[in-house]
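Chemist: The annotation active site, schiff-base intermediate with DXP is assigned in Swiss-Prot to 96 on the grounds of sequence analysis. Positions annotated as 1-deoxy-D-xylulose 5-phosphate binding site by Swiss-Prot: 157, 184, 185, 206, 207.
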């Protein structure tokens, strides 16, 4: 089980709802992923009119927990306003907080992110901040009151996988009591498994499933990868070595096999 703000879930795979070829494929992919939490853009919901109503009906049919986000916000004020609107629309204090610094890389504005997180937490929000893998930023977010931190593996939609393994490993070691979710940059199920092998509590992805040739099958593949990665972490991975180490014992080896 994984805990998000005192709520427990069995699935460690969070999934986005954008970019799918059709609403039906989105539904089927979310079911195949076994996800219990889905991210939803406030801008999509409010700008869609009747389309937005239909989309919301599809989400309700899935019986999942909705995590609204502030995607596209570039300032603290814009992010805070969007979060408050999302709370009214979706009836939840949960918010995936994004404050973007650069349109090309979609890199978080970490200064604005910490400021916005502090404001929202004081206003009763449960904040899921999208950030870089910087330990200092993560610590500031925790100090502000975040019980969940969501560092990227790589830029959003890049599909590069984990580009700074050591930094993500350090975050896990230094923040043992914080729920950590790798968010963004994952492109293959193996990337998700690697994140879970590092001890991350969950992963969040969207494009890797939505843009796959078969999103439904890919969603199932990610589900299995997350389960495998978590099982491996809990089982205890052996440490990598610089030199070979025989797996077959030499005790009892016939003398004619001995090396002179």
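For all residues, glycine too, the Cβ spot is worked out from N, Cα and C.
A quick note: this is a predicted structure, and the numbers were derived from the prediction, not measured.
Are these features on the surface or tucked inside, and what touches them?
Modeler: In this structure, residue 96 (active site, schiff-base intermediate with DXP) is part of a beta strand by DSSP. When other Cβ atoms within 10 Å of the Cβ of residue 96 (active site, schiff-base intermediate with DXP) are tallied across all protein chains shown, the result is 26.
Following the DSSP three-state reduction, the secondary structure of residue 207 (1-deoxy-D-xylulose 5-phosphate binding site) is helix.
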Chemist: So if I measure Cβ to Cβ from residue 157 (1-deoxy-D-xylulose 5-phosphate binding site) and keep only same-chain residues at least 6 apart in sequence, which ones fall under 8 Å?
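Modeler: The list for residue 157 (1-deoxy-D-xylulose 5-phosphate binding site) reads 106, 184, 185, 207, given in order along the sequence.
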Chemist: Of the residues named as 1-deoxy-D-xylulose 5-phosphate binders, 157, 184, 185, 206, 207, how far apart in Å are the Cα atoms of the most distant pair?
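Modeler: Value for the max Cα separation, rounded to a whole number: 10 Å.
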Chemist: I need the CA-to-CA distance for residue 96 (active site, schiff-base intermediate with DXP) versus residue 206 (1-deoxy-D-xylulose 5-phosphate binding site), whole Å please.
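Modeler: That separation, Cα to Cα, works out to 14 Å.
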Chemist: Are there residues of the same chain, six or more positions away from residue 206 (1-deoxy-D-xylulose 5-phosphate binding site), whose CB falls under 8 angstroms from its CB, and which are they?
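Modeler: Listed in sequence order, they are 15, 16, 17, 18, 19, 39.
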Chemist: Among all protein chains shown, how many Cβ atoms are found within 10 Å of the Cβ of residue 207 (1-deoxy-D-xylulose 5-phosphate binding site), not counting that one?
Modeler: 18
